[in-house]
Amino acid sequence: MERVWEAYGLTEEEYRKILKTLKREPNHVELGVLGALWSEHCSYKSSKKHLKKFPTKAEWVVQGPGENAGVVKIDEKVWVAFKVESHNHPSYIEPFHGAATGVGGIIRDVLSMGARPIALADSLRFGEFNYHETKRLVKGVVSGISFYGNCIGVPTVAGETVFEPSYKTNPLVNAFCLGVIPAGRMYRARATREGQLLFLIGSSTGRDGIFGAVMASGEFSEDVEEKRPNVQIGDPYFGKKLVEAIMEIVEKDLIVGMQDLGAAGLAGSASEIAAKSEKGVELYLENVPLREKDMNPYEILLSESQERMLLVVEEENVEKVKEIANKWHLEGAVVGKITDDDTFRAYYKGELVAELPVSLIVDEAPVYDRPYKEPEYMKEVRNFNQEELPQTDVKEALKKLLSSPNISCKEWVYTQYDYQVGTNTLLIPGHDAAVLRLKWVLRPELTTEKGIAISSEGNGRMVYLNPYEGGKFVVAEVCRNLACVGAKPLAITDCLNFGNPERPEIMWQFVKAVEGMAEACEELGIPVVSGNVSLYNETVEKNEIRNVFPTPIVVGVGVLEKAEKYTPSKVEKESELYLVGNLEENLRLDGSEYLKVIHGLIKGDVPPVDLEKEKILINLLISFNNKELITCAHDVSVGGLLIALLEMVFRTPYGLEVEVYTDERPDVFFFSENPTRVIIGVESDKAEEVKNAVEKAGLEWMYIGKTTEEKKIKVTFNGDTLLEDELEEYEKLWRTSLEKLLGST
């Protein structure tokens, strides 16, 4: 038998399943549809079994996983929809366009729920700067994100950028979007009866992005030139017009449901609507507005051209929808209808070019229970004893850490984004979480005094060292960040970036990370309402397989009772500084930036998260914010305590005086990244009340210093002065190091 299935990304076993169901050989177009919809990117065939472990329900959850975005209640007037998604493979091939279309795609996911997009965030991973392509990739990706986000008028308010060798030839570009919905006005990818029409609105259809879903479900080789046509090209100006047109259509209640056109194009969107509606669908491909000549049915069905949406419309509303499309200078045409059988049919100029059971395309996509086993490297990385590390000079170590691209200021990145467009951003990038007000310009009666907070986190290094504990570590940090600004965590969305699931060692990383994340979500009472899985993040380079660190990215959304009542991460007034949280756990350097930068090691085990104490700390921080008992709060994370303290005073008028007494080694105390620890600023007249509240909650506190009016830093450790300098030289290192690495200064 000719191995025809391989060209469509199918396995022989999958092809035999298709033959058995159809009782005939599928044609070229049908194979294209099945190859795209059965790809890992669309079907989640390796991960679906394990994703069921996540908690997804809560009284404030309106829509959990299974739709284009999750939806949660903010109050009786406002809901929010949000999701994070990857665009990793396209961003390596074409950094600018890959990243830009990643932003466009996630905006349309949220838009398809009937939500107006109001905020973006991104989580980026690149190789280190000794790799010649890193500068090009960073500049291209950041330019692509800023181009699309700035032009479409949605602020990029949060994110993170990390550099590790494992991402050298496989960068990770994860984009998040959040939108607001009037309560009760949510849409789904659904039809309600046969005879309803499918209306394609937006840009015209070209050949860009064909095979995009299949490409995103395979490993890379060094030669990516041949894959460039698989990368979609986005147009944010067209995207902006599409947003406004959809908002007008929704406001006038002219549609039944909608679905954006993303992976697998029209074939994917139409079959998903049919499957979720338990109906069939007919498509008339000659009606699709085209931008290129001589496109064949295969190309029309599977094109992933951007800025397109598929609307379910009653026949009597078609002309009204067309008028709105014309008003916004968008293409618009009826391209199909809903039928009462379980069949996907595509016609081209009267000829039937594809006929498949909807259930086969969507519901019967294979689900694999892949084998998994602990990788051999685990024995090597666990062989670590921090007591054997040589003592280092704290001052020199601090300077090296401030120069690390993982710690140095990311202003070069986020100042390219317009994070204030829309004038709703109250707490800008550089804090533990962004804070936004929920303001409706056109519908002031829907404005609420509540605010939302957004935080994005990932720690591939920790997950690599212990996927189970690392999964807990990441979820806990996101929730802690939200609480630091005073927000109650409501829900998370995740993007699970892993290597090839056909390798048992990679599948073990995935399974254990999901289990750890699920446990943290259960214990902290945080549902997972949406997400994305990105597998096959590996590169074959000179016959050597290079896998990325297992990298679950978690974006959390929280609510503040009053938008303007938040806690900043920066010092805004003179304060005493206290470390609060779980201070009884032995401090460890395992997996820390200090261990990597100063000692060249990625070793150890993940410092465990005490989820019970984490939950107490989260509630305590929210209480402190509501009672206005603290002046600032910042969690101890990458770089450790001393880095966190400096981050709180950099870009402020204040200096820092650190004074600690402990039995720990100086390097362990200052650079450990143990979780469940937060630095808070307290005015002296409120210190006793705060300390009493910490003790009453069952947590620990430690006085670690104070801010000063003089812009200096002084660190004393058990009575010995370790450093005493002008703060400016440390701040300059932190502020300029990344720009210098990028050749921008």
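Cβ atoms here come from the backbone N, Cα and C positions, even for glycine.
Residues K83, D494, G531 are given by Swiss-Prot as ATP binders; from Y44, Y464, Y468, Y566, that same site also lists Y44. According to Swiss-Prot, S86, H87, N88, H89, Q232, E304, S305, Q306, S534 bind substrate; the candidate from R108, R116 that the record adds to this site is R108.
For the recorded positions H41, D109, D260, E304, N532, a Cα-Cα cutoff of 10 angstroms around K83 (ATP binding site) retains D109, N532. Note: the Cα of Y44 (ATP binding site) and the Cα of E85 (Mg(2+) 1 binding site) are spaced 13 Å from each other. Nearest to D260 (Mg(2+) 2 binding site) in space, judged by Cα atoms and limited to the recorded positions H41, H87, R108, Q306, N532, is R108. Residue annotation for substrate gives S86, H87, N88, H89, R108, Q232, E304, S305, Q306, S534. The furthest Cα pair among them is separated by 21 Å. Residues Y44, K83, D494, G531 make up the record's ATP site, and a Cβ search at 8 Å around their centroid adds L51, P65, V84, E85, T493, C495, L496, V528, S530, N532, V533 from the same chain.
According to DSSP, H87 (active site, proton acceptor) sits in a coil region rather than a helix or strand.
The Cβ of E304 (substrate binding site) has 29 neighbouring Cβ atoms from other residues within 10 Å, across all protein chains displayed.
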